[in-house]
Amino acid sequence: MGRKLDASRKEKRGPGRKSRKQKGAEAELAHFLAADVPASKRLCSRSRRRAAKRCQELPTPVDKANADHQELSAPQDKKKDFHQKPITGKKTHEMQHQKASILGFSDENAEWLTLAKRKRLQSEESKEEECPELGYGSEEDSVSDNEHLSLGSGDAEEMVDDYGTSSNSESEQLPIEKAARKLKLLQEKKGSRQGSSSRDDNDDAVASDLALNMDVEEAFVLPSSQAIQEISLHPTDLHVIHQRIRDNVEVLQNFATRREAERTRQEYLTLLRKDLAVYFSYGDYLIEKLMELFPVSELVDFLEANEVQRPMTIRTNTLKTRRRDLAQVLINRGVNLDPLGKWSKTGLVIYDSSVPIGATPEYLAGHYMLQGASSLLPVMALAPQENEKILDMCCAPGGKTSYIAQLMKNTGMILANDANTERLKSVVGNLHRLGVTNTVVSNYDGRQFPKVLGGFDRVLLDAPCSGTGVISKDPMIKTNKVEVDLQRCAHLQKELLLSAIDSVDANSETGGYLVYCTCSITVEENEWVTEYALKKRNVKLVPTGLDFGKEGFTRFRERRFHPSLKLARRFYPHTHNMDGFYVAKFKKFSNMIPKLVKEVDSVLATEPTSLDIPAAVAAPAAKQVKNSKDQGLEVNEQFNGLSPAQHKTGVKCKRKSAMQKRLHRKSTAGKAKKHMYKKFKKGN
Amino acid sequence: MLSSSTSTAAILDASRLPLPLSRPFLFRPGASSACLAERRMRPLTEEETRALFERLSKYIGENIKLLVDRPDGTYCFRLHNERVYYVSEKILKLATSIAREKLVSLGTCFGKFTKSQKFRLHITALDYLAPYAKYKIWVKPGAEQSFLYGNHVLKSGLGRITENTNQYQGVVVYSMSDIPLGFGVAAKSTQECRKLDPMAIVVFHQADIGEYVRHEETLT
């Protein structure tokens with residue numbers, strides 16, 4: 001049946017899809033990631049056993065073939081020749097390498113210096129004692145070690161087996177997730193035995209040199225700043241750039257020991273940024289943003305994941321069918337699929353299909369919807385209940401809206417809104433196709449919302465964003481995003497979020513919740529916006545109910561966010577194999593709109609009453625006073641959300657009152673400040 | 001049953017006065033004043049209801065009353081932008097707060113009135129036609145594709161047909177796995193179908209679910 005043909009297994013044999021996509025460079029990168037971690041080349045117990053078996057089977061035919069070799073060479077040499085025979089393509093390199101890495105071993109001294117001893121030493125060093133039944137006989141070990149060094153096709157096969165055995169328990173994990181998990185494990189291991197890894201690193205370097213067929217020094221030498229400029233002007237071969245990225249990352253990961261003495265980390269990072277921008281063809285601004293977001297090793301993973309499409313996923317429309325029935329029907333049509341994961345009861349992953357998934361009779365009859373895995377998450381976080389009144393503020397193309405309707409079993413009512421008339425056509429089509437009947441579709445700008453209609457039990461705001469999480473879908477994002485775009489998005493998101501919050505009815509019996517999500521991963525569009533809403537309205541963050549994903553940032557570079565931001569969830573392409581996504585769930589606890597912005601004096605005069613908001617309200621207020629003493633401009637900036645959001649959790653009332661006094665004394669400063677607020681209000 | 005607020009109605013009534021130039025935004029070139037009124041969401045008039053029900057009864061016969069009297073709440077038909085929507089009262093109330101020109105769709109669209117005031121059923125009504133259909137035909141898997149591309153059903157693709165279907169009777173088309181695919185009009189009665197040429201048309205195509213992909217822009 002369909003299950004047998006597991007795409008994840010299939011892909012790992014052979015060169016892999018990355019190399020298929022972009023010949024050369026991508027294959028090298030995959031190689032480099034593996035080589036980065038020395039332990040990944042070690043064979044697992046089962047594959048070693050297999051290697052041993054292969055070795056036992058081999059001798060008879062090859063011995064005959066090598067009869068002339070036997071005659072010519074000494075008995076000790078025979079063993080060595082036999083093992084070198086199968087890898088003639090890389091024979092010379094292999095020889096050189098062996099000579100280099102094995103101290104003083106050559107044909108001359110072969111008589112008294114045997115390979116076996118050396119191998120044993122190394123295998124002990126690398127702590128592989130998993131197979132006691134496998135003797136440390138010279139033949140077997142030298143075979144496995146030859147494979148180990150040559151990194152040829154045989155080694156690739158062994159890697160497959162390694163994956164297979166290690167992932168048996170986690171069979172529902174997708175290949176990219178497995179890879180991420182494995183990399184993490186290996187990094188931990190590497191950290192624990194840093195001392196012993198230097199030799200392995202050397203081995204890796206040499207091995208990859210063989211593959212690249214280039215001569216690069218073992219220690220990475222950072223080019224001079226002048227040279228860097230030249231490089232950026234005249235981009236060279238992708239292979240060279242890739243090699244440089246690899247080396248650079250290696251140095252950066254172990255900076256204290258591997259750096260050049262007088263070069264700063266900044267210089268290394270600058271080179272890396274330029275190289276990554278060229279190699280993955282990103283714009284300067286975006287790559288800088290991404291480097292702020294991820295550590296270097298993760299960054300490469302992320303960029304690489306963006307080159308690959310996410311798996312196609314569908315959502316069963318439980319209004320019309322059940323997942324089991326749908327899966328059966330699709331399998332009969334020649335579709336290869338699997339359940340999406342434990343977290344989803346309705347999702348299916350499509351591996352491959354002999355029919356177009358978007359045009360089967362089942363699709364047309366509305367039995368399923370093509371929908372990314374990540375867009376199921378905000379609706380699950382929203383957790384709509386039956387008979388509620390729900391607003392989907394930016395609904396196109398209707399995937400999330402129909403999922404909400406499905407969870408509500410077509411009861412209650414949904415207002416699906418989108419600002420774009422053209423995109424609403426697909427919403428209407430999808431809703432009718434999926435048999436959703438409880439929906440009203442409107443075409444307002446989301447910012448008008450509390451005026452049009454308010455008092456919703458729950459609101460879903462899937463805000464328009466820069467789309468930095470979906471680069472694999474739209475590669476144009478790599479180059480066409482500049483700072484202004486991000487700021488514009490963030491500003492619109494803040495406005496939308498405030499009107500979304502105002503549309504929620506805090507006194508709702510079942511609801512009072514709001515989910516904010518974007519398909520972007522930048523902090524400006526996510527944590528900043530969330531933080532802004534926390535300050536401006538009577539809302540608090542609550543757990544999203546999603547048991548995976550990374551926590552939102554509470555601190556990012558020089559910025560500090562509200563500690564509850566760790567309740568928000570981030571999803572990345574390289575760790576979760578879905579589009580980059582951010583989900584935050586708010587609970588509105590009062591319909592009052594705090595008057596924080598209008599009169600700062602009144603805020604200072606009144607002590608914060610609610611227990612939930614002192615951190616959110618008092619801290620910025622205190623900060624404003626401090627700032628306004630020096631410069632009115634800073635205050636203004638802060639209210640625009642552009643300056644760092646400062647959180648001083650231990651703001652004392654004493655200090656506040658002292659400052660209040662000072663403020664009254666300095667009436668001029670107060671005036672200036674009030675002026676700034678007015679200006680801000682106008683600007684907003 | 002009266003839907004829109006009085007203020008909107010007042011404006012629209014004013015537009016019927018012979019002063020169209022003072023309100024050019026309400027005036028559509030080529031549209032009569034009666035058409036202007038139709039852009040507002042409103043209940044169907046007597047003739048419109050008759051046209052709609054006549055059309056519906058071709059497919060579901062007397063089962064129409066099941067659509068009107070439902071145990072799970074009051075449902076009604078509303079005309080908006082010359083389209084007929086079938087919608088629950090509760091949702092209708094929500095929709096009344098949406099301005100006329102901002103309202104895109106509500107509930108389920110059944111079809112639209114043509115310029116000559118005839119009613120035309122859309123494929124979106126299939127969800128309500130299929131369960132109550134009196135006459136059905138089933139097409140063979142091989143002919144499914146052809147029907148979903150907008151072709152008539154031929155005798156060669158005919159899998160099953162309801163007994164005593166008359167000629168020109170409205171029928172709902174199913175796949176052999178009982179998925180409703182669309183609807184049309186029987187070209188021949190069941191009796192005539194028995195001794196028909198394999199390439200002869202059995203059902204004239206009217207609407208099929210392939211339109212969700214083919215004509216997404218003009219779906220409703």
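Using N, Cα and C of the backbone, Cβ positions are placed for all residues, glycine too.
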According to TrEMBL, A:Cys394, A:Cys395, A:Ala396, A:Pro397, A:Gly398, A:Gly399, A:Lys400, A:Asp445, A:Asp462 bind S-adenosyl-L-methionine; so which of A:Asp418, A:Asp485 is the extra one listed there?
A:Asp418
Whole-number Å only: compute the distance from the Cα of A:Cys519 (active site, nucleophile) to the Cα of A:Cys394 (S-adenosyl-L-methionine binding site).
13
Using a 10 Å cut-off, grab the number of neighbouring Cβ atoms around the Cβ of A:Lys400 (S-adenosyl-L-methionine binding site), all chains included.
26
For S-adenosyl-L-methionine, with binders A:Cys394, A:Cys395, A:Ala396, A:Pro397, A:Gly398, A:Gly399, A:Lys400, A:Asp418, A:Asp445, A:Asp462, what's the maximum Cα separation in whole Å?
19
Return one of helix, strand or coil for A:Lys400 (S-adenosyl-L-methionine binding site), based on DSSP.
helix
List of residues, in chain order, with Cβ under 8 A from that of A:Cys394 (S-adenosyl-L-methionine binding site) and at least 6 apart:
A:Asn417, A:Asp418, A:Ala419, A:Gly446, A:Leu461, A:Asp462, A:Ala463, A:Pro464, A:Leu496
Reduce the DSSP letter at A:Asp445 (S-adenosyl-L-methionine binding site) to three states and note it down.
coil
For the compositional bias 'Basic residues' (A:43-53), DSSP counts of helix, strand and coil?
9 helix, 0 strand, 2 coil
